[in-house]
Structures are given as C-alpha cells and as structure tokens.
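As recorded in TrEMBL:
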- 1-28: compositional bias 'Polar residues' (COMPBIAS)
- 1-37: region 'Disordered' (REGION)
- 105-125: transmembrane segment (TRANSMEM)
- 132-151: transmembrane segment (TRANSMEM)
- 157-176: transmembrane segment (TRANSMEM)
- 196-214: transmembrane segment (TRANSMEM)
- 220-240: transmembrane segment (TRANSMEM)
- 247-264: transmembrane segment (TRANSMEM)
- 284-303: transmembrane segment (TRANSMEM)
Amino acid sequence: MTSRISIARPQSSNYNPDPHGLSNSRPSTGYRAANPDDPIEKLRAISKQVEDSIEIYAQPLKPHLPAIGRFMIVVTFLEDALRILTQWGDQIWYLQQHRHFPWGLSHLFLLINVVVMLGASGAVILKRYTEYSVAGLLGVVVIQGFGYGLIFDLTFFLRNLSVIGGLFMVFSDSMITRKKLFAGLPTLSETDRRKYFLLAGRVLLIFLFLGFIIQGTWSIARVLVSVVGLAACVMVAVGFKAKWSAAFLVFVLSIFNVFANNWWSVPSAHPQRDFLKYDFFQTLSIVGGLILLVNMGPGGLSVDEKKKNY
C-alpha cells in the first residue's frame, strides 16, 4: 500500500494570492442581505406568495380568460338589446311622452340601438372587426345617455365611464396593426397605441367603484370595503401590482354584485327589478374588463413595467 505525502511549498514574503488580478479587489460596502424580520420584507414576501397563488390557480383558466372577459364586457349590451325588444311599447311610450321624440324618430332610435348592440357585441365575442365594433358600442353609450336624458346623472356617468374602460381593454386585447393612411406623417406603432389604450382602460375601469363609494348608506363594513377597494383602484390606475389588485377587485365586485343587485329576487312586475338588472349586467361588464387586465397585465405605462427596467 502506497502513502500520499504532502509537501508544503515554501512561500516568499512577496507572495501574491491573486497574481492575475481576477478577484474582486474592491473593499466591502457593508451590504447585508434583506432582513426577513423587516415588516416591509414580510409584506413583499406575502405579496409574492399571493401573486404566485393567483398564477397557479388561474393557469387552467388562463387560455379562456380573454374570451370570458370579452363576453362579460358586452353582456350589458346584449341584455339591453333584449330588454328593448321585449319592452318595445314601453320604450316607445317613454321616448315620445318624456323625451318628446317624434313617432318615426323614436322607432329609428331604438332600432339602431338594437342592431348595433347585437351586431357589435357578436363581433367582439368572435374577435372580428374589433375597432369598428368598439366604436359602435361607444356610440351606443353616448347616444343612449343623451336619448334617455341620463348624461348628467352622476351614477350613470361613472358607470358608463367604466364600461368605456372595458371597451378600451377589448380594443387593447385585439389590437390590429393599421396600414399607414398618410405617407410621410408620423404614426403611433401598435405597441404605443396598445400602451395608451391600456392606460386609459385601467383609469376608466375604477370609476364604477368610485360611484359605489359616493352613494348609498354608510356602515363600518362599507367603510372598510371602500378603503381597501379604493387602495386597489389606485393600484390598478397606476399599474402597481396591477394583476393582484385587479383580481382582488374582480372578487369584491362579484360578491357585491350578487348581494346588492339581486334582481332575480324582485317580482317581475316591480319597477325596481329593471334598475337592479341594469346595474347587475353593467357591473359584470366592468368585471370582464378587469379580467382582461389580469390576463394582459397593465402595459408599458405602469409602475410594474418601469420596475422591470430599473
């Protein structure tokens, strides 16, 4: 059996442990790893866990989120078209007696609304001619506001701003590159247009919750929900933890919608039923816009995107 003998090599006084200068010669800056007991670090860890959980549990649904979101956004227009058709006589009477529409104009007004809402909603669901469909539905929102005299009603105004935000999210989700219309003139790229529409959609989506805050009777639970919800709305608007805050608002608004706008529990002859039904489907549309935000992310003009670059 052989033995291994280690021989110590004598070192000179000018021995250099790094003769080639490959090591980091800079002095220590005293930087320490993040303290796990720091409350801010704990909050970041919890936030990361929540985001990871959302990603995991939403994974089976993720391929279907765009279709679900688009359908929910236009469901209020489909319900409105069906209501006009089933209450045609009442609608004509209201427009002629209270809005002083001439006989032919009242019929034409309702017919245009029904055709545009059904056609454009179907196109949005099928993801066809999205730009024209969104423009048509935006036109319906505006002309109905003036036609029914609700344009200056604060609740109607805030709700419809949120519906418009949802339509902007649809447009961003289905962005189509346009050909240059005028040679030589500067045009926005598809990426730039998408960023601006996502920003506008995020900001407009939160107006429904602002309408919820300023109306109704106050209670401790309402104050708590309003404070937390308002914080989530601000996070959505600036694009900070946007997916997490949008998912939270989807959860809160869905529960609120079921309990506050439960139109199915009201007798069909009661006039309140139609108002609750209208609010219910409008809230569904805004939830659809938030679902698209969860799927797409906040876009380039957001805190989340800036944090990736720095």
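A Cβ is built for glycine as well, from the same backbone N, Cα and C atoms used for every other residue.
Sequence-remote contacts of a segment are chain residues at least 6 beyond its ends whose Cβ falls under 8 Å from one of its Cβ atoms, and for the transmembrane segment (284-303) they are 54, 58, 62, 65-66, 68-76, 159, 162-163, 165-167, 169-170, 172-173, 191, 194-196, 198-199, 201-202, 205, 208, 236, 238-240, 242-243, 246-247, 249-250, 253-254, 257.
Sequence-distant contacts of the transmembrane segment (196-214) (same chain, at least 6 residues past either end, Cβ-Cβ under 8 Å): 154-155, 158-159, 161-162, 164-169, 171-172, 175, 188, 226, 229-230, 233-234, 236-237, 239, 242, 249, 253, 256, 282-283, 286, 289-290, 293, 296, 298-302.
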